[in-house]
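Here is what TrEMBL records for this protein:
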DOMAIN    9-341  domain 'Acyltransferase 3'
TRANSMEM  12-29  transmembrane segment
TRANSMEM  49-67  transmembrane segment
TRANSMEM  88-108  transmembrane segment
TRANSMEM  146-165  transmembrane segment
TRANSMEM  172-191  transmembrane segment
TRANSMEM  203-222  transmembrane segment
TRANSMEM  234-252  transmembrane segment
TRANSMEM  258-278  transmembrane segment
TRANSMEM  290-312  transmembrane segment
TRANSMEM  324-348  transmembrane segment
Amino acid sequence: MQVETKKYQYIDSLRGIAILLVILVHVQFIEGITPSISYFSPTAFQFMANGHLGVNLFFVVSAFTLMMSHQRRQYEEHTNRNFFIRRFFRIAPMYYLAIVYFTFAYFIGFDFVNIDWGDIPKKELILNLLFINGFFPEYIHHYVPGGWSITVEFTFYAIFPFLFAKLKNINQFVIFTLVTLLISTIANFLLRGTSADINNFLGYYIIAQLPVFSLGMLAYQLIADKEAIMKIKLSSLSLLAVTILIYCYTSISYDFLYSIVFFLLLIILSVKAYKLFSNKILASIGKVSFSLYLVHFAMMTVFNMFGCFKWVEGRITDSLSACLYFILGYICLFAVSFIISNITYRLIEVPGQNLGRKLIKKLDQQK
């Protein structure tokens, strides 16, 4: 069984929601806007802080779409080779451009006359180029802002073909989700407090995120086979429920519960695409969401470099002004980043994907 392979608007719309959430949590780091959060009510602050959950939504949707595309292509020759080529050329071109930008922004500056290449942290650079910085607690958050999620995504790509080949029915996907939760729980228990960097690593690395990816894969099974839910064994479901409770009790956050909400939203929209969550505006944002994810970090450095919002600081005097200026910062960051992202999507992402297709075609011709 498989989901129809036409481009669903709700998938891009969910990506659009995800990036809007991510941008929300980062507005606070724009110099001049930062003081506004001290005036937020606990509820408003929590709402803003939960923007980081957009990454979880990205992961759920990513796993779902990987299942969809791999199901469609599973019988083509060199399936796994072509999968890795497509994934690399989907991610690498834009990410490498981000590495170049942040190399200048963070390490050597924009003085192109007196460049000191020795200021570049070579180990961090190599780890990012190879998409393996996510395996090192001291480097997972270094170099490219938000790069941790990209290395986690890339690591999931590395194991996805194996999972696709081994997991054959709905109960196996349920058990896989259960196992990933157990492994994450045990790893958190064993590793917590073992080093200065570890606590800021446990909520981000691949083992912590595998349960989130598993929800996207599980969603695909439920959507592809309308009778799948009736095939789930009560014992498997009960074990999963107990494991989720144990995980949430011992975990460093409750993010997985929100991931379950995203999992349910994905299934609901596959049945009926409610306009609030699935529309042309959100889909247009979601279409360029990968570029937007990287570009909005770059634009934050530009805003701060030129002090674009320094004038705001003295004007934030109460919760109302704090809210208004925060919204202004959000709108400006999104608008400028969205415009640039549409350009990078056309000039970097699409040509990169086309290059991947050409490479596959060339390799296929060399039989």
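Cβ from N, Cα, C; glycine included.
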Message = Against the transmembrane segment (203-222), which of these stretches has the most C-beta pairs under 8 Å: 12-29, 172-191, 290-312, 324-348?
response = 172-191
Task = Might you confirm whether the transmembrane segment (258-278) is in contact with the transmembrane segment (49-67), defined here as three or more C-beta pairs under 8 A between residues 6 or more apart in sequence?
result = yes
Task = Using a Cβ-Cβ cut-off of under 8 Å, list the residues of the same chain that are 6+ residues beyond the ends of the transmembrane segment (88-108) and lie near it.
result = 115-117, 119-121, 125, 128-129, 131, 143-145, 147, 150, 153-154, 290-291, 294, 297-298, 301, 305, 344, 348-349, 351-353, 355-356, 359
Remark   = Among 12-29, 146-165, 258-278, 324-348, the stretch with the most Cβ pairs under 8 Å to the transmembrane segment (290-312) is 324-348
Request  = Determine which residues of the chain contact the transmembrane segment (146-165) at the Cβ level, with the cut-off under 8 Å and only residues 6 or more beyond its ends counted.
outcome  = 22, 55, 58-59, 62-63, 66-67, 70, 74, 79-80, 83-84, 87, 91, 95, 98, 128, 131-135, 140, 176, 204-206, 209-210, 213, 217, 293-294, 297
Task = Determine which residues of the chain contact the transmembrane segment (258-278) at the Cβ level, with the cut-off under 8 Å and only residues 6 or more beyond its ends counted.
result = 3, 8-10, 13-14, 17, 50, 53, 56-57, 59-61, 64, 211-212, 215-216, 218-219, 222-223, 244
